[in-house]
Amino acid sequence: MIGEKGFWNRLRVRLLFTGPTLFAFLTVMIIPFIYGIYLTFTSWDGISVAHPLVGFKNYGSVFADSEFWSSFGLTLKYVLFTVVLTNVLAFLLAYALTKSVKGQNVFRAGFFMPNLVGGIVLGFIWQFIFNNVLVYLGQKASIGIFSASWLADPDKAFWTLVIVTIWQYAGYMMVIYVAGLTGVPADIQEAASIDGANSWQKLIRMTIPMMVPSFIVCLFLSLQRGFMVYDLNLTLTKGGPFGSTQLVSMHVYQKAFLSRDYGVGQAEAFVLFLLVAVITLLQVYFSKKMEVEA
Amino acid sequence: MHVKRQLGSAAKFVVLAILLVLFLIPFLLLLLNSLKENAMITSNPLALPTSFQFANYSNAFKQMNYLDAFTNTIIITAFSVILIGICGAMTAHYFVRNPSRLNQNTFLFMVASMIIPFQAIMIPLVKIYGSLDMLNSKTSLIFMYLGFGSSLAVFIYHGFIKSIPKELEEAAMIDGCSRIRMFFQIVFPVLVPTTVTIGILNVLWIWNDFLLPSLILVEPGQRTLPLSTFSFYGTYTVDYGPLMASLMLTILPVVIVYLFAQKYIIQGVMQGSVK
């Protein structure tokens, strides 16, 4: 590429093109991230100017905080169920909607709908459904499982989060799988049909292996969203009943901003980062290994 | 064989249709109940409204300061998305056309930063910007969205710009066009489809975001739609009618846009995932 003449000209162009982006990126993401690591070694209360260094004491508190670990375990369970079920449903929908079906655009548009709406609103809508609509149905039609609100039951409240999450994201992942499926070349499908492969064999032996990139993207996105979920948790269950649905993101928020235990809260956020980073990198590493070329 | 296939596709259609109805029922229930009286909602949430309670809407509209919240959300979303698009495209273009080791490493660093969860940043973010007295301002929030959104934008633009031949750009530069003019007159127009994709992904995220604005915008007058819905719910929990109406009011703008731009939105999400 031909460049500008002279050091100052080059610097000016560089700053013009990359300056604003990099300045925002550094001051919003990187500096707070690094400063956050420093905060984990202090006992800052959120108000005072001083933040005395306390060494690894906060990390000790993280490991002793049984609520953190129970909310982390709950989050892992939540992530496991939502990632698997969302992706299975999304793939099936995409598979059904790439074969010629009447009105497939209407179907795609409809299944995608929940993604337009933020977690706050979705949580309130489903709170109404679980508390009023399903209870009404349960009592009128004597369906035992719905006769009392799921949101008031510590065992069932967790599943409301799983159900709403699947409902919200299946359409989004479906769109990504549709993109992947349409990318599978038709000629090799035909060649396989001529060789006598049935549709099940084609799906398992050809389509799915060739769609590994889509699976990587979808698993990455659903893992990330699963670990980060906050809005839905806040408005659907508020972490209740009796703290039975407090996912880790909500726990970190509570620890820092409500208990004013910023050092420990930040240490928990950092531990969360490390665990999520390891899980995500492992996922990407192993799925990359499975990728095949057409 | 032929009949069997037809039966199969009919069955598939029916299954999909049932699923679709199940998928959309929550929205339908919301609409129905937003038009009913409170007593009717609690006695039978499935019944059709007998009289239309538009007062629910005017109530919610007033009490959640809808106009302010809507304006705030529009301003924040529009400026953030425009900034992310322009700045992201310029940076990605610079990185692709000047592949020095520094630029390549900066690019990789930005991509890698995408695994940092927001929770790991929110506490120091509030502390730093609080001590600079920069909280409670839309400008700060827009700047933050640029910071959080730039990595993905640069990543997607980078992939696309690599595939554009650079001869045209070089010809323009030889003819004495400045780099900035060349970018906006030649490169940026070519990037329109990618910009639409990035815009859609960012609008979906920023319009509905709750946690970041809830930490930054403390004053009621600054609230965005998700924030004002949330606070309306917190202060108003007995009367279901206005509550349902407030939810309808919050999702209505997006649904209206979706009805017109549905094809582009779905395509945008598709494109965004492929790159």
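Each Cβ is built from the backbone N, Cα and C atoms, and glycine gets one as well.
According to TrEMBL:
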DOMAIN    A:72-283  domain 'ABC transmembrane type-1'
TRANSMEM  A:21-41  transmembrane segment
TRANSMEM  A:78-97  transmembrane segment
TRANSMEM  A:109-129  transmembrane segment
TRANSMEM  A:157-182  transmembrane segment
TRANSMEM  A:203-223  transmembrane segment
TRANSMEM  A:269-286  transmembrane segment
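In this chain, the transmembrane segment (A:203-223) lies close to the transmembrane segment (A:78-97): three or more C-beta pairs between them fall below 8 angstroms, excluding pairs fewer than 6 positions apart. When Cβ-Cβ distances under 8 Å to the transmembrane segment (A:269-286) are tallied for each of A:21-41, A:78-97, A:157-182, the top count falls to A:21-41. Here the transmembrane segment (A:78-97) lies next to the transmembrane segment (A:157-182) in space: the count of CB pairs under 8 Å, restricted to residues six or more apart, reaches at least 3.
For the transmembrane segment (A:21-41), same-chain residues at least 6 beyond its ends with a Cβ under 8 Å from one of its own Cβ atoms are 51, 53-56, 58-59, 262-263, 266-267, 269-270.
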